[in-house]
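Annotated features, as they stand in Swiss-Prot:
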- Ser114: active site, charge relay system (ACT_SITE)
- Asp172: active site, charge relay system (ACT_SITE)
- His199: active site, charge relay system (ACT_SITE)
- 231-266: region 'Disordered' (REGION)
Amino acid sequence: MSKVSGAGEEKLKVLALHGYRQNADSFKSKLGSFRKMLNKYVEFVFVSAPHPAAPLEAVGGEPDPNQRSWWFNKDDRTFKGTNQGGPAYGFDESLRLVERTWQAEGCHGLLGFSQGACFVGLLCDLSARGMTTMKPQFAVVASGFRSGSLVHLNYYENKVQIPSLHIFGETDEIITKDMSEALAETFLDPEVVTHPGGHYFPAQASLKETYVDFFRDQLQQHLEAKELQNATEENSFHLEGQEEAEESALQPVHEGLQNGSDSDSD
């Protein structure tokens, strides 16, 4: 059985999806302490959403290329987590980008914050229904919520059956506690971690053990599954070789019988 050990061993690759009006670089920076906690077990892959978001100061003004959005759920091409019954402009383009990145990087799991966490929930559901090439082994969801876009309302009919860690603040006023709890309930056996703060990704020392335990468990499961797959493929290879050898051994006998039959006919 494979065991998680020290530096130099295989790590998990986790695709990290930022929140609304963030980008890959800003999210990577915000997760600095979190990444440091998990450096032994995880390599994070960051990608920016394809759509420029309207600047916070002047909605309707010129988009800031550094502020990005995975999709827009309002007709003015902005996004708000509490919006219900709206569109999902740009979602398909973001889905294709994330699928390409996942494939190119060889990722194992997903992590998301806020809008990115909402996206993670949708991706996990799509994967469970075989509607994406992505097959995440686990998910980490911070300040997540269910999408209220009309095209996403049927995404939550069946519970997602992969390990998941859900993190949210007791006093979050942007994505409230009940919104994050509603997303957690769409997973079969969610692990829930709360903190007393608001809308941010917590990385205080008191949570280190929880984070390390979760990712160490996922790495252990990944290594064991990989070991089992390798053993199965090796066994299949040996069986095929044995069958070919047996067929080769029988071939001269068949030829001899055929030759004997020809002689008798003469």
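Here the Cβ of each residue, glycine as well, is placed from N, Cα and C on the backbone.
Geometry remark: Asp172 (active site, charge relay system) versus His199 (active site, charge relay system), CA distance 5 Å. Other Cβ atoms within 10 Å of the Cβ of His199 (active site, charge relay system) number 18 in total over all chains.
Cα of His199 (active site, charge relay system) to Cα of Ser114 (active site, charge relay system): a distance of 8 Å. In the shown protein chains, 19 other C-beta atoms lie within 10 A of the C-beta of Asp172 (active site, charge relay system). The Cβ neighbour count for Ser114 (active site, charge relay system), using a 10 Å radius over every protein chain in view, is 28.
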